[in-house]
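S.K.: Can you read through this structure? Questions will come right after.
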Amino acid sequence: MEMLIAIHDLVNQFGTQRIHDGLNLDIYRGEVLGIVGGSGSGKSVLLRTMLGLNTPYSGTIQFQESARLKQHWGVMFQRGALFSSLSVADNIQFPLREFTALTPEECHALMLVRLAMVGLERSVAAKFPAELSGGMVKRVALARALALDPVVLFLDEPTSGLDPVSAEEFDQLIGTLHRNLKLTVVMVTHDLDSLFSTCDRIAMLVDKHVIVGTLQEILANPHPQIQAYFSGGRARALLRGN
Amino acid sequence: MIELRQTSRDGELHLHLHGEWTFAQVVAIKAALQQVQPSAGTSLVVDAQAVARLDVTATWFVYQQVQRWMQQGYTVRFDHFPAEYLGYFAATAASDSSPSPDKGRLGGVSFSHSLTTLRSFITFFGHSLAALFTSLFSPHLFRFRAVFHHVFTTGISAVPIVALIACLISIVITYQGGGQLRDLGAEIYTVDMVTISVLRELGVLLTAIMVAGRSGSAFAAEIGLMKTNQEVDALQVMGKDPFLILVVPRLVALVIALPLLTVLADIVALAAAALISSTILDISFVQFFSRVAANIEFRTFAAGLIKSPFFAVVIALIGCWQGMRVTGSSASLGEHTTKAVVDAIFVVLLLDALFSVLFYRLGF
């Protein structure tokens, strides 16, 4: 498989507190990678470091040629990070207007397509972020992340705050995009449902490193933290279902 | 990178998509689609079987072209296109309705808006007063630590800038006035002029304007951000009156801090005036201060100082009120922070004018 992002010997340190210590992670083209770990294990820091929002203490992160430009990334932040002074329509069109030579009509039409993709009605387009519910903010944020048809999609807790139906639709949408676009998806998640149903591989942050593997490999790993993470009632119920 | 191969079979024109049909290729895609000129009456088949990558935007441009062909009377069929994509486009087209008509601007809208604003302020004022009295009669509700904190941030940390401003304005008046009066041979009256104007008006006014800019905006921004972050709601559902916790300490702190800053400004301004007088007008320190002691009554100082608690109330209430009016967006935060400063300065000047009239009538 083709490697898209290679993280090598990453060290992140805040003051004397070391978050990642020589972390290695390879992300392949076309996979859906779920990053999991307990609270404070450095999931978000890892994601921010990949996105260049956090300068690592040492180590390298290499992107393959096709995913090097930021226009090839779609990023969905945990709380949406919608521009609060722009309407939903302008939020989604922002990347289209800034980075492409499309006409305003085409931008508008493509914006409506993105809204349909995330399952929102077109009447939402005229609203402002402050008028949206939490779930709608997530969907609009995803629509904006998808605006430029990214090569790699970074999602920070995409399904938190969504109702179960929306969360499942969200998982299906990721599946569809993944199938048709061979889209690479990197998601930080706590949602065991989407972890089990959408993710090809799981990267678990343990002891300042990652342990990567398919769901079965991770479940078979005897590390006590991994066992603790997947031995809760919710995880076992899901595993029985599968 | 992209290719559109045309083959004719059984009277149908087959268009095969090859290569990477992605966003980056939009220009090439449009050009390739334009080149297809089907002869009249043929049916077309657009086939995505052999495509390496196909993204939504590229598919949308193909879809748009197909729609145009269909309008021109061709029959067009999609083969091997992701059904989900076509579903999105169909959903977009189906919901295509005319945009909602613009609401006409009604006369009286802005009048009723200003009435609503006024009502909002009166409600806020009443609520603040109620909270203030509640905390006065039950001292355990009064938050001394918060008051000290705000006295520090609004008062003590403002000392350098307030002193500097007082010093500068006093230098300006002494130079300007002293120069004029010396031509008349009456430079000793510079002392009276500087002292009266600083003590009665300029000391208190400039300090209030400075504090409105520093602390009024800070109050609006702090409370506004807490409002958007639902912290105000959190206080409310915990059964704590947000006014008691957010507004009363700021109000009390500013009522303490502003008069103290005014006294400081008066002292610094007089000292600066004495210094400038001794250098350019040959009025020594002793002369200056003995003249102040002989000619300036205490009530000149009091007339200035008594205004400052009123200004403090205005600045604190308008700042907190605008903060409470912030809704979701960052634009709203900016708007209300601006209003907090502008409105506070305006009302301070208005009050000052009223005080002047009042003091004149009272012979104060």
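Quick reminder: no glycine exception, Cβ is built from N, Cα and C everywhere.
Reproduced below are the annotations present in TrEMBL:
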| type | residues | note |
| --- | --- | --- |
| DOMAIN | B:15-86 | domain 'MlaB-like STAS' |
| TRANSMEM | B:121-142 | transmembrane segment |
| TRANSMEM | B:148-173 | transmembrane segment |
| TRANSMEM | B:243-261 | transmembrane segment |
| TRANSMEM | B:267-289 | transmembrane segment |
| TRANSMEM | B:301-324 | transmembrane segment |
| TRANSMEM | B:344-362 | transmembrane segment |
S.K.: Mean pLDDT over the domain 'MlaB-like STAS' (B:15-86): what is the value?
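M.R.: It averages 82.
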S.K.: Please report, as numbers and ranges, the same-chain residues at least 6 past the borders of the transmembrane segment (B:243-261) whose CB is under 8 Å from any CB of it.
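M.R.: Same-chain contacts beyond the flanks: 127-128, 130-132, 134-135, 141-143, 146-151, 154-156, 158-159, 162, 207-208, 211, 215, 219, 223, 226, 232, 235, 305, 308-309, 311-313, 315-317, 319-320.
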S.K.: Take a look at B:148-173, B:267-289, B:301-324 and tell me which one has the most Cβ pairs under 8 Å to the transmembrane segment (B:121-142).
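M.R.: Stretch with the highest Cβ contact count: B:301-324.
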S.K.: DSSP helix, strand and coil counts for the domain 'MlaB-like STAS' (B:15-86)?
M.R.: 33 helix, 21 strand, 18 coil
S.K.: Looking only at residues six or more beyond either end of the transmembrane segment (B:148-173), which have a C-beta under 8 A from one in the stretch?
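M.R.: Result: 193-194, 197-198, 202-203, 206-207, 210-211, 214-215, 218, 249-250, 252-254, 256-258, 260-261, 264-266, 268-273, 276.
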